[in-house]
Amino acid sequence: MDENQKSALRQYGMVFGLGLLTSFLFFLPFLIWDKGLFIYYGDFNVQQIPFYQMAHDSILTGNIRWNWYTDLGANFIGSYAFYLLGSPWFWLTLLFPSKAVPYLMAPLLMLKIATAAVTGCAYIKRFVANSNYAVIGGLLYAFSGYSIYNIFFNHFHEVVAIFPLLLIAMEEFMVNGRRGQFALAVGLCAFVNYYFFFGEVIFCVLYFIFRCVYDRGNKAGFYLTLKKFGLLALEAVLGLLLSCCLLLPALMAIVDNPRTSNFLFGWNGIFYGNVQRYGLIFSSFFFPPDIPAYPNFFPDSNAKWSSVSAFLPLFSMSGVLAFFKGCKRHWAKALLGVCVLIAFVPFLNSAFSAFNSSYYARWFFMFVLIMAMMTAVALERYREEFKFGIKWTLIITLCFSVLAIFPSYEDGELVFGQLINYQERFWPYMIISVMGLVLASFLVQLDGRVMFRAATVSVCFLSVVMSVLMLALGKANPANAHRVSEMGLKGAEKFSFLADNPEDFYRIDLDDCMDNFPMYWKIPTIQAFHSVVPGSIFEFYDTIGYDRSVGSRPELDYDALRPLTSVKYLLAYETEEEDPDISGFTYVATENELKIYENENFIPMGFTYDYYVDEEQMDSYNEGKRDWLMLAGIYLDEEAIARNRDILEPLPDSEFPELTDEGLAELAADRREETCDSFVRDNEGFTATIDLSGENLVFFSVPWDKGWSATVNGEPVQIEKANAGFMAVRVPAGQSEIRFTYKTPGLTAGVCITIGSGILLLGYWLLFRRLRKKNPGLRVKKYAHLAQNPAFDEIGAAAAYRNNVSGRIHGALEKPEPANQEKGNDQK
């Protein structure tokens, strides 16, 4: 390791330490307040914390096939590849016991943010002569408004931290001639999060195009040849294949998810229907972000959870504007301009979210990195243009103050200051933005290490202020912390019904309680806030007229849904004065600050029918009451009916359900006549036993999935998709054992592809290593990007020399004497 490498490592260590210390400082007050826990609100509390702990426990116990605590049941790898399985930081939790996992959430976030500072610095370092400016840029990237906003979405930070490596690897391939790194970077990004990887691919294509266009003719830059392009494409494919051990099962799990097939077409693809969204996007460059779910600047923009933020602490847009004015022709200007255009066109913006029709700006971190680089470069090369950048950034920022006073009509009367929701939040945001610009105006007048230290401290200080403000606003409701720490994490030990017959299978229901409570307690449930679940769950809810979207929260109006899915208990907050309005539930106790109601119509898992319901009967029945019809007869498609017509009869009109409390009780009693004697779950599936009076279909309210296979008494049997998304198998008369085994679709093939592509990549790397020994022209040019910086028209050292000479000339010109020397210097 030479001195340059040692120096670089020391600097990266310093950046990592600054990132870690800064994030520690803004998390510290909240860790003290919640006694070591970091409890925020919304998605962080009900997804990130329970997901991490549940997944941690599942992996350590080997239960990685089918997860019983995610909605009605889900493919574990398919459902959690998006949230955490690709995260290197999640796997660190396996070194700790289960009870420690919730306490690790903040430290892991600190590590992710610190890593983002390092990777951001490493990327920006390629474009500056003085690496101190890269340190500032790396901190701007790590503590951007996007990063702080998305503490709410903990799993976004993995992507922010890893993404710069993808651009670095592309630069190394094109400029330095390094082979293999790009494939590894592609594989890592695809492995970490497949959703973001889709957008990263699009951004990389744009990046590659602009770099090549602006570097055409420059053999020391992104000089494109057919051979280079072919090798780059080969590495991209190898990298994609490397990630298949997780990517393939993840993609197979979401292929039936209806959220992946909704696209923006027509006028909706050209203009946003919510006009305030344009203002929100524009303001996101100049202000710290609104907190998720509680928009302030543009409350009707309908983007509560969309991650709309591109704010850089301290400098805001001043550095970017200085770069635009100072650098006349540059690929970064074109790339950022196109990215901003894309952000304002719905269809183009949706491309970065796999063309999802829901509005998201979750790709903004990609061009935020470019903005951080532009700011760092402007500090080094275009300092004199900061006056322009700060002036216009300040003018635009102050223009937004009009929102606080602009008049509007309410109930026919003219009122002032009603456009924004929270005046008390608006002005702190304005102060942070303006204060940063005022500080920046002083900092850009400083030189050398004084400027570097002052700018670094200022970026870190304002990042702490901005972050503490956002986190404090999010934690404004103290009930959130109590529900997570006392009712969630400590809740299971407070329920007596969990101790009674713990091997019995049943589900519970919640009446307007905190999402994913049952996941904290490790109890199966019908309530879930989770975006990635089997497509069969969507199919079931769509059939009964419930719009699932991102969560399963069926209203109490679906009375028959509860016995159909083996719900035994219903829980409601003890503060609720009235009992839940649902048939068949009786109050039994109050524990863990929750009223507990037992279902008198409970049906154990695994039961039979006398009749079947066909598609015509289901389609003609009242959509909101189809769950009742599914209790009267098992709903089958035409092929399943043909296979089982000999043991089931069509549901006659006389047996259609009576929609009363008594009718529901009668339906439940009929289904309980023949149910499974036992239902035992294990890490590979479940086993049930039943004693039937005659051959019949046995129904299980377990979501249908391609990974399931079944045997009855050791003989393979056909699994029927029943009741629009669940499973049933044909079982003979007498005592029988039913075995369902689950194998994650795509996992085995994905692992094989990963191993195979890894061998190919190793061979590819060894081949180039051998070729380099014979052909010196193929050797890696470690410092090619420094000798001739691909980002600019000048050699970095020459530019520094020019600036130095220019400064001396200007200094000489300010002296009145001697005139001849001034002229001589000027001529030089």
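For all residues, glycine too, the Cβ spot is worked out from N, Cα and C.
If you look up TrEMBL, you'll see 12-33 (among others) marked as transmembrane segment. Among residues of the same chain six or more beyond the transmembrane segment (12-33), those with a C-beta under 8 A of the stretch's C-beta atoms are 39, 106, 109-111, 113-118, 121-122, 135, 138-139, 142-143, 456, 460, 463-464, 467-468, 471, 475, 481.
A Cβ distance under 8 Å defines the sequence-distant neighbours of the transmembrane segment (148-170), meaning residues of its chain 6+ beyond its ends; these are 40-44, 48, 82-84, 86-89, 105, 108-109, 112-113, 115-116, 119-120, 122-123, 126, 141-142, 181-182, 184-186, 188-189, 192-193, 196, 200, 204, 207-208, 232, 288-289, 291-292, 305, 307, 309, 362, 365-366, 369, 463, 466-467, 470-471, 474. As annotated by TrEMBL, transmembrane segment applies to 148-170 (among others).
Marked as transmembrane segment by TrEMBL: 182-209 (among others).
Look at TrEMBL and you will find 229-251 (among others) tagged as transmembrane segment.
Here TrEMBL flags 263-287 (among others) as transmembrane segment.
Residues of the same chain lying 6 or more positions beyond the ends of the transmembrane segment (307-324) and with a Cβ under 8 Å from any Cβ of it are 140, 143-146, 148-150, 153, 156, 280-281, 284-289, 301, 330, 332-333, 336, 360-362, 364, 367-368, 371-372, 374-379, 382-383, 385-386, 388-390, 392-393, 396-397, 433, 436-437, 439-440, 443, 455, 458-459, 462-463, 466. Sequence annotations record features per position, and here TrEMBL assigns transmembrane segment to 307-324 (among others).
The transmembrane segment annotation in TrEMBL covers 331-348 (among others). Same-chain residues lying 6+ beyond the ends of the transmembrane segment (331-348) with a Cβ under 8 Å from its Cβ atoms: 203, 206-207, 210-211, 213-215, 264-265, 268-272, 278, 281, 320, 323-324, 355, 359, 361, 364, 366-367, 370-371, 373-374, 791.
The transmembrane segment feature in TrEMBL is assigned to 360-379 (among others).
Sequence-distant contacts of the transmembrane segment (388-406), counting only residues of its own chain at least 6 positions beyond either end whose CB sits under 8 Å from a CB of the stretch, comprise 283, 286-287, 297, 316-323, 325, 378, 416-417, 419-420, 423, 426-427, 430, 433-434, 437, 440-441, 444. The annotation transmembrane segment is assigned in TrEMBL to 388-406 (among others).
Positions annotated as transmembrane segment by TrEMBL: 426-444 (among others). Nonlocal intrachain contacts for the transmembrane segment (426-444), taken as residues 6+ away from its ends with a CB within less than 8 angstroms of a stretch CB, comprise 286-288, 296-297, 311, 313-316, 318, 379, 383, 386-387, 390, 393-394, 397-398, 400-401, 403-404, 420, 451, 454-455, 458, 462, 465-466, 469.
Feature annotation from TrEMBL assigns transmembrane segment to 451-473 (among others). Same-chain residues lying 6+ beyond the ends of the transmembrane segment (451-473) with a Cβ under 8 Å from its Cβ atoms: 18, 21-23, 25-27, 29-30, 40, 132-133, 135-136, 139-140, 143, 145, 148-149, 151, 288-289, 291, 294, 313-314, 379, 425, 428-429, 432, 435-436, 439-440, 443-444.
Per TrEMBL, the feature transmembrane segment maps to 746-767 (among others). Residues 77, 179-180, 183-184, 234-235, 238, 241-249, 251-252 of the same chain, all 6+ positions outside the transmembrane segment (746-767), place their C-beta atoms under 8 angstroms from a C-beta of that stretch.
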Given the transmembrane segment (182-209), its same-chain partners at Cβ distance under 8 Å and 6+ residues beyond its ends are 81-82, 86-88, 155-156, 158-159, 162-163, 165-170, 172-173, 222, 232, 235-236, 238-243, 245-247, 250-251, 335, 338-339, 351-354, 362-363, 366-367, 761, 764
Same-chain residues at least 6 beyond the ends of the transmembrane segment (229-251) with a Cβ under 8 Å from one of its Cβ atoms are 75, 77-78, 81-82, 85-86, 170, 173-174, 179-180, 182-188, 190-191, 194, 744-747, 749-751, 753-754, 756-758, 760-761, 764
